[in-house]
Amino acid sequence: MLINYKFYAQFFIMIIILYCSHGLAIDKSTTNDDEERMHPLFNFKATPQLARLEKRALPMLKFEYSKNRELDSNHWRELGQSILERQLKSKSTLNTNLAKNVIMFLGDGMSIPTLTAGRVYMGGEEKQFSFEEFPYMGLSKTYCVNTQVADSACTATAYLAGIKANYATIGLTADVSLYDCAGQNDTAHHVSSLAAWAQAQGMATGLITNTRITHASPAGIFAHIANRNWEDDEQVLKDNGDPNVCPDIAHQMIYSAVGQKLNVILGGGRKHFLPKLKNNGSRLDGRNLIQEWKSLHGSTAQYVETREELFNLSKSTDKILGLFAMDHLPYHLDSDATVTPSLDEMLQIALDILNSQSQGKGYFLFVEGGRIDHAHHDSLAMKALDETVEFDKAVQLAQLQTNTDDTLIVVTSDHSHTMSVAGYSSRKNDIVGINNSQMGLDGLPYATLSYANGPGYTNNLLTQSTGFQRKNLQQVNMDDKDYQFPSAVPLESETHGGDDVGVFAKGPFAHLFTGVYEQNFIPHAIAYASCLGSQKTACSDGLHSRR
């Protein structure tokens, strides 16, 4: 009996479309701004569940292998023994030294599938990112107090301040809901970050990001805000708030207790610090917060806007503010390396300043590779993987520039994304290309990487045809860095995922980061290792003392 595969393919697609039509409705008027498009503010409602489909049998596949050592069973035995030796050596003695220095790396949106695909993008399935070779790792659960799937605001409060919060709020307890200006203004609801705890010990502190420094993740260092979008006064006023009662994130960065003490602030987002009428910024209060920062900190504080200025700092610099773009820094694949510094270059300068300003008391540094997340939101899988590789370069540099005896390095993510690695492609197949093992039921090839939802849906349909028909990917330039990968559900912006994310640790008390735990545990473990804050630490347990 002949099976009409085209009919069944169209039938299943129709089911998906009908399901989508009953899902969350997004107000089109709120999607002009990229921030609101990527992180929509919405009300939750129940949606019908799709009927489960029967799992299909594993298809019979034929692969062509090149002759190599992997065909020899001795290769795998030797590799297994090598890993065993490394594990025994790295875990035979626990490092319980005081973590004098702490560097926390945050790959925004760096899901487990992103790491898997990133290895292949880097050169092969057997490759590893430098932090994947850390001796200890665990998994953190990323949900917010009020949502199953988190955003970068509530998660920043968890992994920096040690408490879980509500979606889209930063540095506030879960008593404060989205838009709650009065709740934001009540200091009883404020929670302090690792940076605040470090400053209380006299440590030098800094933050680096390739997003706006007023973006959700870096804002977790210094801000207390009831809406992550309130990056300047215009955004507060837009939501009928009073910037004098609820100061915006940029203002808090300049004038908050933590913000004023930061030795290093490097990233983008210049527009949120400049007046709209005079400097093409976005502030309506007419203030130039960059000039105000310079006036606050005097001649030994330096402000820079280019890579050249960054690398020509005066040796007397004790504080630096670097804003290298009006908005986010460009993706690495789009960047002019002579103008915009890379993440590892910013890190090099930051470590120099922090070491010189720590006065023997150590430092705390937060480093975010934030554009992994943005690429995923736009279904730009190639850019997401490339940003992950760039992020790892900064981690590699940190390892070279520090000592495991006294520096704790923690690498993690705030949340996942919906990208999956699917199919049964042969080894070394192009990870950003076509699955080379089988066709879909419609007789067309499919991509190894795809998203559960996002803007790649319509981009991969033949809209001029009758019914629903996928584009033939053999006729699509998937090597284009701006190619939007296919998604199952049409959305203007791909959503975050709710799965756990990895936590990788190296240095003093790194063994604390093993297991599966709540995301808000991370700063508690860091504080213990570095004797920060007022709760249980290695110092309170009599293991060390901070002088």
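Numbering starts at 1 and runs along the chain as it is shown here.
A Cβ is built for glycine as well, from the same backbone N, Cα and C atoms used for every other residue.
Database features, via TrEMBL:
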- 7-26: transmembrane segment (TRANSMEM)
- D108, H215, S217, E368: Mg(2+) binding site (BINDING)
- D108, D373, H377, D414, H415, H496: Zn(2+) binding site (BINDING)
- S152: active site, phosphoserine intermediate (ACT_SITE)
Among all the protein chains here, how many other CB atoms are within 10 A of the CB of S217 (Mg(2+) binding site)? 27
Are there binding-site residues among D108, H215, S217, E368 that sit within 10 Å of H415 (Zn(2+) binding site), Cα to Cα? If so, list them; otherwise say none. D108
If we check Cα distances from H377 (Zn(2+) binding site), which of the recorded positions S152, H215, S217 wins as closest? S152
Starting from the Cβ of D373 (Zn(2+) binding site), draw a 10 Å sphere and report how many other Cβ atoms land inside it. 30
Please identify, among the recorded positions D108, S152, H215, S217, the one with the smallest Cα-Cα distance to D373 (Zn(2+) binding site). D108
From binding-site residues S217, E368, H496, the one whose Cα lies nearest S152 (active site, phosphoserine intermediate): S217
Within 8 Å of the Cβ centroid of D108, H215, S217, E368, the other same-chain residues by Cβ around the recorded Mg(2+) site are L106, S152, A156, T209, T211, A216, P218, G369, G370, D373, D414
Fewest other Cβ atoms within 10 Å: which of the binding-site residues D108, E368, D414 wins that one? Let me know. D108
Would you count the other CB atoms within 10 A of the CB of the residue listed as 'active site, phosphoserine intermediate', including those on all shown protein chains? 28
Argmin Cα dist to D414 (Zn(2+) binding site) over the binding-site residues D108, H215, S217, E368 returns D108
Might you list, by sequence position, any residue in that chain lying six or more from H496 (Zn(2+) binding site) with a Cβ less than 8 Å away from its Cβ? G109, V149, A150, D151, H415, S416, H417, T418
Long-range same-chain neighbours of H215 (Mg(2+) binding site), Cβ under 8 Å, sequence gap at least 6? S152, T209, E231, G267, G269, H328, G370
